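K.L.:
Quick one: the structure is below, questions incoming.
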C-alpha cells in the first residue's frame, strides 16, 4: 500500500491516567515521530479519561474528561486503551467500546483471565481486536512469542516467574537470610508490594497471568477458576538454605503443562536447579521458559512491571493494531488466544492429579530410628529418597527436641504424596506438620 | 473475515532438502492440522527442489524436481522457501521468485546480511514479503521481538551470543580447562563445527547476524562490510581462568550500540560479569540482550541452530505471511527492517572510535619495577587500573623468565588503548605481545 492511500492516522482514547496510563500517554507523544517512521502513520491521542488530570495532560491540549464511557463512544476515537484496572467498570467499559466498534488494548490481567472468554467473543462478533500483551510480564513480548514466534510448535509446557514482588521477596530472603515478614515490609516501603500484598504473595496475580499464558500455549479457553494457587508466605529462610545446600533455588513459579491426562495449571513455590537460567532471575525481574516441540526451550526475560515497561507493551499492541487497521480489515489477523478454534478436549487437572518430585522438611523428634521410620513409610508408597539433610537441632527446635529432616523424593503423584505425608505426620517420631515444596527438573531449559 | 471467504490455502515451494529444508518439509506436514487450527487455512507444500530427494519426499507424493528456478516460476506456488544457502544461486533465485510475485522465506543469514538491501528493495517494488526470522538465532523469535514486540522503544544497544559453535568452544575451554585446538577438534567430531571452522570461530557468521539485528534495532541499512570482526582462536584457557578470578566470563559477543557519534558494530570475545544472565548461557545455546528505553533490558534465549529449531522459525514466517496473504494485501504489513523509512544519518563507527574497558594480559619480564613502569604508561594515557593479577610464573613462561600481568582497566577509547599497548610492548620489561580483550558492563542486564 503506497503512502498516498494511507488513512490519516489512528486516533486513540486512553481510559486511566495513573502510572501506566500516564506512561502510555507520555510514550505515545514522546515517540510520535519514531513510531510514525515505523508505521507510516500518526498515532494520535485524542481523548483521555481521568479524575486526576496531570499537569502534563492539562498542558498538552489533548481533550480530557472524567467519564471513561465518553471515550468509548467518542466517534473521533478508533482505539480505546483500558488502563483503569479492576473488574468494574473495566469490563463494562471494554464491552461498551467493542459494541461501539472500537479496537481495545488493555493491561488488565485480572479482567482478561476472568472475563476474557466473554470479551473475545464480543470482539469476534463485532470484528475488532482486543490486545493484551502488557497484561503478562510487562515489557517482555511473551504473548507475541507464544502466538506468533512459536506458532509452528506444539507447546509442551511453560514455566514462569511472573510476579516480581514474590521474586523480589524470595531473592532478598535468600541473599540476606531474612524472614518473610521483614522482607515484605521492606518491599512495601520500596513500593514493590502493595499495602495489601495478598494478590502478589498469595499467587493470585501470577494465576491470572498463567491462565492467559496457558490459553495461548495450548489454544484452550481461559480457566482462571481451575488454577491451583499457593503463595510464598510459608517459605522460611531455612527452606531456602536447605534448597541451596541441595543445589536448588526456590522460585515462585506459574507452571502449565499438557499431558495425556489433561492440562496442569498451578502456581506455587518450586525448587529448581541452580544451574538453570530461570533460577538465576533475581529481584523484581520476570522470565518465562517455553518448551516447544520444534524450537526446544526458549526463555524470555525482562521487567515484569513498572510504568515504562508496561507502556512499552501497550504501545506495541497499538502499533500492531494500527498496521492492520490501515488495511481496513474487519477482523483480527491473529486470533486472541493464538488459535482460530480453541480446543475443548483438554481437561484442567486437579492438583491431586499432577506428578512431581518433592522437597519435604519434616520436624522429627530427636529419637533413635526416626529416619528408618520415615524411610519405611515412603518406601511403602513407592517413593524413593534422592537426598537427605539431617543436622544438629538449634534454637527453638533444639529446646523442643526437634530435628529438621530434609528429604528430596523421587517423582510421584501429588495424591500419593498427600497420603504419605499424612502417615508420616501421624508418627510418634514426628512433632509437627511437614513443609512440602514441589521440585521441577526443567530438562533442556539449559544445557 | 469469515471462514466462507477464505482462500483455499497457501501453496508452498521449498528450495533445498538438506537438514533445514527436510526439517521444514516434515514440520509443515506433521503439523498441518494444528497449523490449520491456528491460521484457518491449509499450508500446503506443492513443490520441492532438491538434487537428493529423501525417501520421505519420494513417498510423500509431493512434486519434486532438481531445478530451484522451476519452483520460483511455478504458477501453482504462492511462497518460495529458500534453504539452499550461500550466495549463488540463492540470490538469483530469491530475486527471480520476487520477480514472479512470490513471497519469500529464507534462513540465509549471509544472503540477507550482504544482499538484503537489494532484495528488500525488489520485494517492495513487487509488493511481496521477504521474511528471515530463522536467519538469526534459530528458534528464538528475536526479529519479531525487535520489529514488533519492542516497537515502542528506541533501542540503545543489543548484545548477543549468536554463534553456538563459538559458545560451545568457550564453554568447554572454561569448564574443562582444555585449549582451543583440542576443543575445536571435539566440536568438529560432535558436528557442532564445520570441517572449515572459519565462518564460526572467526566471527563471520556472527557478523552476518549482528548486521541483521542492528538494522532492525536502529532502522538502518544492512552494513555487513562495516562490522569489526574478531574470532576466538587466540583465547587461551589462562585468559578464561584469569577472567573467572576477576568475576567475569569470556563470551564471543556481537554488540551494536547507538551513540551520539554513530553506530558501534562489532563481534569479538568479551569479558562480562558472571552475575549477568548472558554470562550463564552455556554450550551451543544462543541469547540476545536488548536494551530499549521503555522496556529496559529484555533477554531472549534458545537454540540458535539445528534442523528443528530453524524450521520452527521458517514455519512461523510462513504462518505470518499466510495470515496477511489471506487478506489479499499487496504489501508487507511490517517493513522488512522494522521501519518504513530507514535512517541514513547514522555513521557506522570504526573500531578505533569505540570506548571500552579492557582486560590486558602482559607478558612481563620478571624484573623489579615492571608493574611501576606499566602503571606509569597507563597513567600517562589517562587509563586507571581497576584490578590486577600477578602470579608466580610457571611452565614455558618460567623458563623464559616471563610473568603474566593481568590488568582490568577503566573505560577509555580503543584508539588510546592501541597507543598505550604499543608503548607498553616497547618497554624492556615486556617480553612479547599483549593480549587485549574488551570488557562490557551491561548495566541493567540483570539486577
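Cβ from N, Cα, C; glycine included.
When I checked TrEMBL for this same protein, it listed these features:
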BINDING   B:15, B:16, B:17, B:18, B:19, B:20, B:21, B:22  NADP(+) binding site
BINDING   B:109  NADPH binding site
BINDING   B:194  L-homoserine binding site
ACT_SITE  B:209  active site, proton donor
DOMAIN    B:359-444  domain 'ACT'
K.L.:
Cα distance, residue B:194 (L-homoserine binding site) to residue B:19 (NADP(+) binding site), nearest Å?
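P.N.:
Residue B:19 (NADP(+) binding site) to residue B:194 (L-homoserine binding site), Cα-Cα distance: 14 Å.
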K.L.:
To the nearest whole angstrom, what is the C-alpha distance linking residue B:194 (L-homoserine binding site) and residue B:16 (NADP(+) binding site)?
P.N.:
19
K.L.:
Taking the center of the Cβ atoms of B:15, B:16, B:17, B:18, B:19, B:20, B:21, B:22 at the recorded NADP(+) site, which other residues in this chain have a Cβ no more than 8 Å from that point?
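P.N.:
Filtered neighbour residues, in order: B:14, B:23, B:24, B:25, B:50, B:83, B:84.
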K.L.:
Would you list the DSSP helix, strand and coil counts for the residues of the domain 'ACT' (B:359-444)?
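P.N.:
Going by DSSP assignments, the domain 'ACT' (B:359-444) contains 29 helix, 30 strand, 27 coil.
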K.L.:
Measure the Cβ-based neighbour count of residue B:21 (NADP(+) binding site), defined as the other Cβ atoms within 10 Å of its Cβ.
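P.N.:
A 10 Å sphere around the Cβ of residue B:21 (NADP(+) binding site) contains 27 other Cβ atoms.
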K.L.:
Hey, does DSSP put residue B:194 (L-homoserine binding site) in a helix, a strand, or just coil?
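P.N.:
Assignment for residue B:194 (L-homoserine binding site) reads coil.
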K.L.:
Per DSSP, to which secondary structure element type does residue B:15 (NADP(+) binding site) belong, with helix, strand and coil as the options?
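P.N.:
In three-state terms, residue B:15 (NADP(+) binding site) counts as strand.
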K.L.:
Across all the protein chains here, work out how many other Cβ atoms are within 10 Å of the Cβ of residue B:209 (active site, proton donor).
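P.N.:
There are 25 such Cβ atoms around residue B:209 (active site, proton donor).
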K.L.:
May I ask for the distance between the residue listed as 'NADPH binding site' and residue B:15 (NADP(+) binding site), taken between their Cα atoms and rounded to an integer number of Å?
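P.N.:
Between the alpha carbons of the residue listed as 'NADPH binding site' and residue B:15 (NADP(+) binding site) there are 16 Å.
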K.L.:
Looking at the binding-site residues B:16, B:18, B:22, which one has the fewest other Cβ atoms within 10 Å of its own Cβ?
P.N.:
B:18
K.L.:
Within 10 Å of the Cβ of residue B:19 (NADP(+) binding site), how many other Cβ atoms can you find? Include all protein chains, please.
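P.N.:
15, counting other Cβ atoms within 10 Å of residue B:19 (NADP(+) binding site).
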K.L.:
For the domain 'ACT' (B:359-444), would you mind checking the mean pLDDT of the predicted model?
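P.N.:
The average pLDDT of the model in the domain 'ACT' (B:359-444) works out to 92.
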K.L.:
Measuring Cα to Cα, how far is residue B:21 (NADP(+) binding site) from residue B:209 (active site, proton donor) in Å?
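P.N.:
On Cα coordinates alone, these residues lie 20 Å apart.
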